[in-house]
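Q: Here it is: the structure, laid out below.
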Amino acid sequence: MKALDELIFDNRFARLGDAFSTSVLSEPIETPRLVVASQSALALLDLAPEQADLPLFAEIFSGHKLWSEAEPRAMVYSGHQFGSYNPRLGDGRGLLLGEAYNDAGEHWDLHLKGAGRTPYSRMGDGRAVLRSSIREFLASEALHALGIPSSRAGCVVSSSTPVWRETQEHAAMVLRLAQSHVRFGSLEYFFYTKQPEQLKTLAEHVLTMHYPHCQEQPEPYLAMFREIVERNAELIAKWQAYGFCHGVMNTDNMSILGITFDFGPFAFLDDFDEHFICNHSDHEGRYSFSNQVPIAQWNLSALAQALTPFISVEALRETIGLFLPLYQAHYLDLMRRRLGLTIAQEQDEQLVSQLLKLMQNSGVDYTLFFRRLGDQPAAEALRTLRDDFVDIKGFDGWAEAYLARIAGEGKGTEQERQTRMHAVNPLYILRNYLAQNAIAAAEKGDYAEVRRLHQVLCTPFTEQPGMEGYAQRPPDWGKHLEISCSS
């Protein structure tokens, strides 16, 4: 394991030149304090755990100090926001400090969010507030623990620096780790500004650095795009299967790697509601829970447009057409596993859709239903869960079909089924009210709850003694919390 001053940098994106990013130094925040750190994320850099306890750690990730090999850059990109094209966005408050590589040869971007003003800040102050930084940290690490591809979060550092949003708050910085920060909107920018050479350079960078195996194919860019489609189909299937709502699926928030990226007004479902909108600015529900699948396909079409100089329109359309069947296959596989089933059958889609309809009509807690279904032998669990449903007759019909489905598989014991289900059905998820409790304490200078919640979320499938309070439905005040893009 390494000390902070032993990180090795190889800043490949910075070497692309000033057309792709701008050299900017961070604006430090005052009296920095470490709020929370993720040892598993920092281990990606081979950093020793005790490094987070050093004063130097908070100084670096609050903008006060910098490695001599780092080359902080603000990246330029554009994007479709709520369906409308915005020609110039870019890192308005974040900096790509550099790319460090570990002993395994993996490159990781170190991106400091809340690092101050850049040429792309427009009218903003370049700051991130403590609450949004904590939310991004917790979401990144919670999704990773659930097995959902995501950028990682190394730490959050707080400060006494005041910033104004709806009220006065305090600035913070969050360290984001990802193997690339290239977005769909990065390629869109060079396509729509008619910079073909720069577009080709960026496309080659993505292909060479992140999809090198595609170079062996007859049409490398088509092979790369197909893999991007495949990765996004699997990603969105996991979002839907685990009840995650992103909230702002603009193309500038879509990673070229097919990972969850740029956390804003996200939420996990409490009660199952396919029409759930987690962003109170999304008045038309464009990014509602049920719309995430078609929006992901729409975003892939937007990316495809930027790739037309390299791939035929016909091939792009054919590849985009693979998204829905790939998504459906991944989603049904995940839902089978959540139900403890091991064999695919034609009626599985109906079994899942009927259950979700019953849950929708009864306001059943999405996460706890699946967990409790695996807590007992199936017949006993169904009798216990029956009281949660308004349509008792409908639920009894579904339960009968489910029991017949289990019996038809004839594989293993009830205990084996329960073990399988507990391995894929979390007991703990990042509910908005849990995040809000942690944020409220942190804003008073108490970081113990943020750290405790982080530790609970790191092992979501394992029951943790004394942590029963983190596996409860939200109290009345915690239901339907409205989260804005203000951060």
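If you go along the chain as it appears here, the first residue is 1 and each next one adds 1.
Note: Cβ is positioned from N, Cα and C throughout, glycine not excepted.
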Q: For the ATP site that Swiss-Prot assigns to Gly90, Gly92, Arg93, Lys113, Asp125, Gly126, Arg176, Arg183, which of the candidates Asp5, Asp10, Asp262 is also assigned?
A: Asp262
Q: Let me know the largest Cα to Cα distance in Å among the ATP-binding residues Gly90, Gly92, Arg93, Lys113, Asp125, Gly126, Arg176, Arg183, Asp262, as an integer.
A: 23
Q: Indicate whether Arg176 (ATP binding site) is helix, strand or coil by DSSP.
A: strand
Q: Using C-alpha atoms only, work out the spacing between Asp252 (active site, proton acceptor) and Arg93 (ATP binding site) and round it to an integer in Å.
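A: A Cα-Cα distance of 14 Å.
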Q: DSSP three-state call for Asp125 (ATP binding site): helix, strand or coil?
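A: The residue in question, Asp125 (ATP binding site), is coil (DSSP, three-state).
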Q: In Å, rounded, how far does the Cα of Gly90 (ATP binding site) sit from the Cα of Asn253 (Mg(2+) binding site)?
A: 11
Q: With a 10 Å radius around each C-beta, find which of these recorded positions (Asp125, Asp252, Asp262) has the fewest other C-beta atoms nearby.
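A: So among Asp125, Asp252, Asp262, the recorded positions given, the one with the fewest Cβ atoms within 10 Å is Asp125.
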